[in-house]
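What TrEMBL says about this protein:
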{"type": "REPEAT", "residues": "1-26", "note": "repeat 'ANK'"}
{"type": "REPEAT", "residues": "90-122", "note": "repeat 'ANK'"}
{"type": "REPEAT", "residues": "123-155", "note": "repeat 'ANK'"}
{"type": "REPEAT", "residues": "156-188", "note": "repeat 'ANK'"}
{"type": "REPEAT", "residues": "189-210", "note": "repeat 'ANK'"}
{"type": "REPEAT", "residues": "223-255", "note": "repeat 'ANK'"}
{"type": "REPEAT", "residues": "256-288", "note": "repeat 'ANK'"}
{"type": "REPEAT", "residues": "289-321", "note": "repeat 'ANK'"}
{"type": "REPEAT", "residues": "322-337", "note": "repeat 'ANK'"}
């Protein structure tokens, strides 16, 4: 409490009488961390002068300095035992924190003092993953200049390029590709960076990825999902339009024979249905069980899509391998309209 309220004389008295400054709150905050967070520089200096425990007392004080881009406090904290890679509960180091907030100056200081640019925290997340996810382009450049691995993967198989594409940070996507990021890298589920851009409707990120490698347009996941399947599922018209313009295969089939049109119908994405039909999708294509897109739309009750498909020549009497028509499926699922 004395550290939090900037009661300098009380802090001195307590320390002189054996107060243990390594004790932390339930959240892990030591008196040093609290005083640093509150900006009480004199209390910080006093606590550091009386610090005989080293790193335990300093957690998470250096993390707070990294968050605040406080190079003065960080420099003080790094004196003596000089441990820039102290990690907190998540395993994140101060450099991870600086990368998250885009704090260039404190990141530079940490690296100068020996911070590991490739330190892998929980789930194998590095500072470059963090900077890429949050679109901190200056930090991305700094980390790459200092030797950060550009192809490093998290436990789920995400590269920094995946992180940037999923969040729609097109400038970071461009920087990573300029520096040799592996655009064909896949996650554990077989998703590429283009799948990630399609998932978030990040059209500029998708455009940059396709500029570097146009053949990515029909790249498939472990379930044979193309980026266009993903855009159709999510209802992301802008990326879907770009993919169609780049000649994506509108009739590509995923697991169980589902086309992009089947998926758009299942998710009730009318604009995507219109786009796919305008780009020559096979309206009568069937899944492995014999479902047409009209079957799917009828079953889920997508009235407007059913009407649109019929207006564009969908066969109202098409049958599945069990002999069921769209009317059978609509009736079975109580889709009266």
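Keep in mind that glycine also has a Cβ here, set from the backbone N, Cα and C atoms.
Automatic, uncurated: that is what TrEMBL annotation is.
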Just to be sure I understand, if DSSP states are collapsed into helix, strand and coil, how many residues of the repeat 'ANK' (289-321) fall in each?
17 helix, 0 strand, 16 coil
By DSSP, what is the split of the repeat 'ANK' (156-188) into helix, strand and coil residues?
17 helix, 0 strand, 16 coil
DSSP-assigned states of the repeat 'ANK' (189-210) in counts, ordered helix, strand, coil:
15 helix, 0 strand, 7 coil
So what's the mean pLDDT when you look at the repeat 'ANK' (322-337)?
81
